[in-house]
Amino acid sequence: MKFQKNMLRKYFIMGSQNCHRDPREILQEAAAAGITAFQFREKGKHSLKGAAKVELAKDLKAICHDFQIPFIINDDVDLAKQLDADGIHVGQDDQPVEVVRKQFPNKIIGLSISTNKELNHSPLEIVDYIGAGPIFATNTKEDAKKAVGLEWIQNLKKQHPSLPIVAIGGINTTNAQEVIQAGADGVSFITAITETNHILQAVQRL
Ligand SMILES: Cc1ncc(COP(=O)(O)OP(=O)(O)O)c(N)n1
Ligand SMILES: Cc1nc(C(=O)O)sc1CCOP(=O)(O)O
Ligand SMILES: [Mg+2]
């Protein structure tokens, strides 16, 4: 699947550890409601491992493809290869993005950026988009860095006007609009969907 900036507009991220019910049901509802991309982030204390992780990933990929939404895998390069995912998202402490690009010349590749130093030392020309954040405080990622705020998105956009940017961290139905107004091409979110009882409404508002 070829990357397009508008895929970043409503980018849902999830793993089974984020869910109070079957992740398949949650993704199905979010996809029907209009998310534009999905990242499988099976990570942390209560996450699935081994065959159970692979089985869930396969099911979630099939749902994404039913809705023609890109299926992106967080961190796990081997799983991305095994499942022929549409893309992979890596952070500063994961496999170097140069290595990932060599392995996947045609897949969507996203890279996390949390500071100006990371921005200035990353090979931005070989990634399709950056995940910028945390914009606001978040409890979802244990090792999240300091919140960067909306001005940082404005600065990023000024410095790199054509670099696709998806904002992440503490984004919900009430603050998503100001994130877009600050210059992000889209918003990514976990708990805005996994902690709501009204997925359709939440996705529409986001
Ligand atoms: C879209 C998006 N942006 C940032 C991240 C964070 O990636 P990373 O820093 O590697 O942290 P983990 O998610 O792996 O804990 C992301 N996953 N997606
Ligand atoms: C996975 C992730 N990465 C972040 C980063 O800043 O790189 S913040 C984050 C968690 C986002 O979850 P929520 O939408 O529930 O705040
Ligand atoms: Mg990572």
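Using N, Cα and C of the backbone, Cβ positions are placed for all residues, glycine too.
TrEMBL: automatically predicted annotations, no manual curation.
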Co-listed 4-amino-2-methyl-5-(diphosphooxymethyl)pyrimidine-binding residue [TrEMBL; alongside Gln39, Phe40, Arg41, Glu42, Lys43, Asn74, Ser112] among Lys10, Lys102, Lys141:
Lys141
Are there any residues at least 6 positions away along the chain from Lys141 (4-amino-2-methyl-5-(diphosphooxymethyl)pyrimidine binding site) with a Cβ closer than 8 Å to its Cβ? List them or say none.
Pro134, Gly169
For 4-amino-2-methyl-5-(diphosphooxymethyl)pyrimidine, with binders Gln39, Phe40, Arg41, Glu42, Lys43, Asn74, Ser112, Lys141, what's the maximum Cα separation in whole Å?
17
